[in-house]
Amino acid sequence: MHNGTTVTQFIIEEQRHIAGATGDFTSLLNDIVTACKVISNMVNHGALVGVLGSAGSENVQGETQKKLDVLANDVFIRSNEWAGHLAAMASEEMDEIYPISKQYTRGKYLLTFDPLDGSSNIDVNVSVGTIFSILRCPGGSEAPTERDFLQAGTQQVAAGYALYGPSSMMVLTTGNGVNGFTLDQNIGEFILTHPKMEIPADTQEFAINASNMRFWESPVRRYVDECLAGKEGPRGKDFNMRWIASMVAEVHRILTRGGVFMYPMDAKMKDKGQGGKLRLLYEANPMSFIVEQAGGGSITGAQRIMELQPEQLHQRVPVILGSRNEVERIQGYHLEGG
Ligand code: AHG
Ligand code: MN
Ligand code: MN
Ligand code: MN
């Protein structure tokens, strides 16, 4: 049996080295960890507890909500609203920000989250996850507004994801590298199993939804064409391809063995006036923080994602992330214009 470091012990140990740390942050992370354990338990039990299928509603982005999208959102709110660490929360599944009720104390942090990522996979029993990001509340804790959330990704205090796969995992960064923990179901604790995760700088694997190929812009088309040309093409090597349609699972694969993940800008999105598919504040920014802390890169195409100034709570952006040398190459293609 594993008698290793729990995620809570790990966070306490990390916070000991930060001057002025009050324990507030440790306690907030602990509540997030608890929420992820509850969601993990619901995902594991699936049809046995009646949580699969559609909720019959739509979120602010016009996506059909699954029952588990809504349930996981509720779990996150209930776990994190009572302890006094947060001023407000924002989620994929809530149109507006969620200020902490005055019945609890308001704290100095903001929490954004994607309660269930990859929810189109839930009914077919393929891996899903949860993504979160912690920010400081710049306007103070008394009357948090949407504007308080509109901070560049470089301002994040911490980010992480839980992956509900063959085993459940929690992967975290507080700006001091990336560490992975595996849930031991018997004792109900996430145990440090993947210390100091690092993304290999080179790869022969890429991930993109190729059904959108006809809509891609020329830099992405060029990159993928060159990968597909294999040994005989300009890259001089064969590539492999994966598409899980759960960003958490794709990022986890990239953290484990390298690769590139792309949900790029395309002509179809442009026609609809959308900035991309993935959401900046609770998908792109936290994943970018994790990927950069593991030595990888994360861009929209020409720009670093974490330097974007957000304009809206549910803003969407193109995302290209993963092994550093490949991401730099793709950025170069964008800067050259094709
Ligand atoms: P969510 O389930 O939270 O709405 O996010 C789904 C995202 C992401 O996880 C995945 O990479 C992408 O959407 C899949 O999109 P396609 O179905 O277009 O491939
Ligand atoms: Mn969704
Ligand atoms: Mn998502
Ligand atoms: Mn989601």
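Cβ from N, Cα, C; glycine included.
Of the residues proposed, Glu283, Glu292, Glu307, the one TrEMBL records at the same Mg(2+) 2 site as Asp114, Asp117 is Glu283. For the Mg(2+) 1 site, TrEMBL lists Asp114, Leu116; matching the candidates Glu92, Glu93, Glu96 against that entry yields Glu92. Per TrEMBL, the candidate among Lys272, Lys277 that belongs to the substrate site alongside Asp117, Gly118, Ser119, Ser120, Asn209 is Lys277.
Among the binding-site residues Glu92, Asp114, Leu116, Asn209, Lys277, the residue whose Cα lies closest in space to that of Glu283 (Mg(2+) 2 binding site) is Asp114. Each of the binding-site residues Ser119, Ser120, Asn209 was scored by the number of other CB atoms within 10 Å of its CB, and the largest score is that of Ser119. A sphere of 10 angstroms centred on the C-beta of Leu116 (Mg(2+) 1 binding site) encloses 31 other C-beta atoms. A Cα-Cα distance of 12 Å separates Gly118 (substrate binding site) from Glu92 (Mg(2+) 1 binding site). Each residue in the domain 'Fructose-1-6-bisphosphatase class 1 C-terminal' (199-333) gets a DSSP state, and the totals come to 64 helix, 24 strand, 47 coil.
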